[in-house]
Amino acid sequence: MANILFIDNFDSFTYNLVDQFRSLGHVVTIYRNNLSADAIEQALLQLDNPVVVLSPGPGAPSETGCMPELLQRLKGKVPMIGICLGHQAIVEAYGGVVAGAGEIIHGKVSMMEHQNHAIYRGLPSPLAIARYHSLVATQVPSALTVTAEVNGLVMSVVNEADKVCGFQFHPESIMTTHGATLLANAIDWALSSTPAQTQFA
């Protein structure tokens, strides 16, 4: 069981995700991104088996309150999973570039090819996924490995050593097949060999 510290970027999908994680047996505590990074770090210190989940939300990753600072502080110290906007923030935190996807995608089902990483264990490729985004990772830094794509667009990334992964799509959507399994796999992977550091500097 994970203790999930959930960063809410003021998004309508937040409680769908929270309900999904709770139905998988995890404890979820929600913190909005208008809190300070210091306050969230202090909350993390109280948790066993912590995993930080970065929610979807409106706007650009740089406009998400404490989230960019929090990512810089926590990467390599706590496992993290980013979804949509959270995924884009992960890409930027590791030095990548997020820009316009060329079209606005709102509620579109796409067939995604994945690389059989552990987060996709037991899942078919291609996999039907739900997309709601206008931005996409256009330059992925060497610290991140692309694990899935749709027509050359990056749909997920991981940093294996830091136990950080990002999904551009929405696993919690009813339009994503096997979404619950994907989220369960992601938590299992995040906790499988967590980063060695346990203290926040």
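Just so you know, glycine gets a Cβ as well, placed from its N, Cα and C.
Quick caveat, the model's predicted, so the values are computed rather than measured.
Checking the candidates GLN20, GLN88, GLN168 against Swiss-Prot: the one annotated together with GLY57, PRO58, GLY59, SER134, LEU135 at the L-glutamine site is GLN88. Under the three-state DSSP scheme, GLN88 (L-glutamine binding site) falls in the helix class. Nearest neighbour of LEU135 (L-glutamine binding site) by Cα distance, taken over the active-site residues CYS84, HIS170, GLU172: CYS84. Cβ atoms within 8 Å of the centroid of the Cβ atoms of GLY57, PRO58, GLY59, GLN88, SER134, LEU135 (the L-glutamine site) belong to the same-chain residues PRO56, ALA60, PRO61, CYS84, LEU85, HIS133, site residues excluded. Closest by Cα distance to HIS170 (active site, for GATase activity), from the recorded positions GLY57, PRO58, GLY59, CYS84, GLN88, is CYS84. Using a 10 Å Cβ-Cβ cutoff, HIS170 (active site, for GATase activity) registers 22 neighbours. When Cβ neighbours within 10 Å are tallied across all protein chains shown, the highest count among the binding-site residues GLN88, SER134 belongs to GLN88.
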